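Quick notes on the structure that follows.
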């Protein structure tokens, strides 16, 4: 950061990203220097054969080329290790070394062609077999390296890089003019910016068209792709970062967030005892009292309908949960695509639209949900941008008619997710300031229209009148994209079905406006597990994440390779960087480097309804460092303030998977906590006890392995046992498990967040 400028063009790689490639090339070339030197010393080239003299000259020439390569690559590696992510001044000569390496590359290519010609003529007849094999191995290895270099250059090529450099140079000239002449030309500056932004918008449009090459790109779909491309252009407007900057920034941000939480716990002026899955535990924290029969019944209902939400994913979810025997166990329930009778065997009971030829999704849905075919009224797997698959079923056990909406499982679903701008909810009459996620509003309107046009709910409520289905209540269920769509659909249908209820599992964070979220607490229940990233990535949260990443990178003074190495090496100390003591500046309207660059600030959208947060507590029990203790799961009532920022964690992606959500919900029932003790103290007593807290490590706060440890630890009687951690803990060694998680999850998240940046720039 910023991107490397070579040949008057910006590239999608930083000047500090060449440490590993240069080191790899040094090792390879050093090995070949040793091999070729040994060949020159051992093999007798003093013969009358001209081919042997040519071979000796060729090997000697390779040694010279490889030696020069070794020197230049050493300079590249040494230069790339200097400075910090922001401080590029020590790496100012990097482009000159790259030019030198390019010249050597061309010489190497010419010498390689000479070697190929010699091998074609004299491989069988001239030199001993071992020498021939060595020469052939050198040729193959060099061709492989050259092919890798070409692919690397292709992937890092920025189609708008030249316009970027021109814009930056023009901005720099304007700054000099303002300093010298107190004059600026806004019109010309805006023209340059618009030109560069148009180039980047075209680039994003090409990326999305490439990503969606298998789907139809006409009319509404093409318009959606253009909208998403425009949104990404605006979001990454003039943000000069490369993918490795994101990896390093996430590593630093995770460390900062952990320090920030420890600092909050250590302060004697607040009442935060501990953080569980990012949620602050205070005397006002409300844990679900599962020993209350009514609460337990409602909680079991949440688990019950999560099984319905999981079933909507069809055969992919079934195979994921039964990966060893999934296919064998599902085959007996499939339909024969060659037999008309088998293909239409379910039509007497259920309308199934656009399933595959063997009805794999329908068969898996029945197995996962446990529903008999007669209780499934309607299923559609038709998917498009703004059109999400769903099914309608009858739950006789709970006396409910269920509308279950599938989450993200296709590229069309991804585009629906990415249409994240706010749109008015189509209510009659409209309510001012009731806004929703545009893509999910479209999906909810599509389902609502489908239900009306085909009288699906009428058929469901009148399916078995003798069992009283007409008196059943309506329930809406969904996970991820399906959760957001179900929540908005519930808002649209609330007037028609006053007793309906919606269970939204892992809904997206930027879903509905604050006024709307407050009004839905009585009939929408949102369920979130751990540090799930999706409920924390509305546009406003992403802008905050972007600002935090840039600022934490700006404050850091270490080279990028050291930051990443510390996350990979399990034996390194975990001492925090002193620069992280300062608070991160959070201003989404100003770029931390260039104050002339404006970043859009979107109206924040929130999670719907009442929020149940499944949190983990990790009992502190002495075990092997490589095997962490099994977490204990608890359910708390949360609010939207707990999900205002992305929590960088190894589990932030896994916590979103539907099977993991179901597993976490079930684990809450393993050890049911007793009735929560009264933790509310009078203000004077509360403040006095906070001031009396001794300064001891936070790890001593909770040493219980039962599910009620947090309740007991944070009771009024034991508040004096809570101990204050130091802001900067003593040096300690991190375990290999922590190293693996903290590095590989960052690679995964960086790919999810910047996957389109890492695509080939067409």
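For all residues, glycine too, the Cβ spot is worked out from N, Cα and C.
Residues 56, 59-60, 62-63, 66-67, 69-70, 73-74, 76-77, 80-81, 94, 127-128, 130-131, 134, 138, 141, 145, 152, 561 of the same chain lie 6+ residues outside the transmembrane segment (18-43) yet bring a C-beta within less than 8 angstroms of a C-beta in it. Residues or ranges marked as transmembrane segment by TrEMBL: 18-43 (among others).
Look at TrEMBL and you will find 59-78 (among others) tagged as transmembrane segment.
The feature transmembrane segment is assigned by TrEMBL to 98-119 (among others). Sequence-distant contacts of the transmembrane segment (98-119), counting only residues of its own chain at least 6 positions beyond either end whose CB sits under 8 Å from a CB of the stretch, comprise 6, 51, 54-55, 58, 61-62, 65, 68-69, 72-73, 76, 132, 135-136, 138-139, 142-143, 146, 149.
Look at TrEMBL and you will find 134-157 (among others) tagged as transmembrane segment.
As annotated by TrEMBL, domain 'Fungal lipase-type' applies to 402-537. For the domain 'Fungal lipase-type' (402-537), residue counts in helix, strand and coil come to 58 helix, 29 strand, 49 coil, using DSSP.
The transmembrane segment annotation in TrEMBL covers 742-760 (among others).
Taken together, the residues of the domain 'Fungal lipase-type' (402-537) have an average pLDDT of 93.
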